[in-house]
Amino acid sequence: MPPPSLAMVSGQALPAFLLCSTLLVIKMYAVAVITGQVRLRKKAFANPEDALRHGGLQFHRDDQDVERCLRAHRNDMETIYPFLFLGLVYSFLGPDPFVAQMHFLVFFLGRMVHTVAYLGKLRAPTRSLAYTVAQLPCASMALQIVWEAARHL
């Protein structure tokens, strides 16, 4: 007998969560690579040893574009890590597959737009709207998890 697939174990919620989560982690890696590329292009290094390697201590400095990349990455960590926990737990509550997929998709798209808005310096309120939209499914999942946990006390 073949081993059960993810879809058989948890309906369609877990595979959708795993897809969106993995794509978001890849996006975080991409932002980290972009940050490194901006550092090299702008010759703005956080560590003296890196500055020495790339031209001298005068390049041990801050840069607005590098700082923007770092803020985008920090914001990813502040939102994507909680999503990873909430989405995984939510997947095992047996949610309606379509509703779960919409939760994951809305979060994913919101974070993608947020990153493009942040790194691309798009006009306000694009970034804040994307942030807010992405937080709605997280709030929904958190409330459902709390409700289910409280029901079983």
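The backbone N, Cα and C atoms fix where each Cβ goes, glycine too.
What Swiss-Prot records for this protein:
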{"type": "TOPO_DOM", "residues": "1-13", "note": "topological domain 'Lumenal'"}
{"type": "TRANSMEM", "residues": "14-42", "note": "transmembrane segment"}
{"type": "BINDING", "residues": "ARG39, ARG74, ASN75, ASP76, MET77, GLU78, HIS114, TYR118, ARG127, SER128, LEU129, ALA130, TYR131", "note": "glutathione binding site"}
{"type": "TOPO_DOM", "residues": "43-61", "note": "topological domain 'Cytoplasmic'"}
{"type": "SITE", "residues": "ASP50", "note": "site 'Essential for protaglandin-E synthase activity'"}
{"type": "TRANSMEM", "residues": "62-91", "note": "transmembrane segment"}
{"type": "TOPO_DOM", "residues": "92-96", "note": "topological domain 'Lumenal'"}
{"type": "TRANSMEM", "residues": "97-120", "note": "transmembrane segment"}
{"type": "TOPO_DOM", "residues": "121-124", "note": "topological domain 'Cytoplasmic'"}
{"type": "TRANSMEM", "residues": "125-153", "note": "transmembrane segment"}
{"type": "SITE", "residues": "ARG127", "note": "site 'Essential for protaglandin-E synthase activity'"}
Using Cβ atoms and a strict cutoff of less than 8 Å, what residues sit near the transmembrane segment (14-42) while being 6 or more residues removed from its termini?
6-7, 54, 63, 65-66, 69-70, 72-73, 76-77, 80, 83-84, 87-88, 90-92, 97, 100-101, 104-105, 107-108, 111-112, 115, 119
Listed in sequence order, the residues of the same chain lying six or more positions from ARG39 (glutathione binding site) whose CB sits under 8 Å from its CB are PHE45, ALA46, ASP63, VAL66
Which residues, given as numbers and ranges, are at least 6 beyond the ends of the topological domain 'Cytoplasmic' (121-124) yet have a Cβ under 8 Å from it?
68
Sort out the residues at least 6 away from either end of the topological domain 'Cytoplasmic' (43-61), same chain, that have Cβ-Cβ distances under 8 Å to it, and list them.
none
Taking only the Cα atoms, work out how far LEU129 (glutathione binding site) lies from ASP50 (site 'Essential for protaglandin-E synthase activity'), in Å, as a whole number.
37
Confidence summary (mean pLDDT) of the topological domain 'Cytoplasmic' (43-61)
93
Going by C-alpha distance, which of the binding-site residues MET77, HIS114, ARG127, TYR131 is nearest to ASP50 (site 'Essential for protaglandin-E synthase activity')?
MET77
Could you find out if DSSP has LEU129 (glutathione binding site) as helix, strand or coil?
helix
Least buried of the binding-site residues MET77, LEU129, going by other Cβ atoms within 10 Å?
MET77
Within 10 Å of the Cβ of ASN75 (glutathione binding site), how many other Cβ atoms are there?
17
When secondary structure is assigned with DSSP, how many helix, strand and coil residues does the topological domain 'Lumenal' (92-96) contain?
0 helix, 0 strand, 5 coil
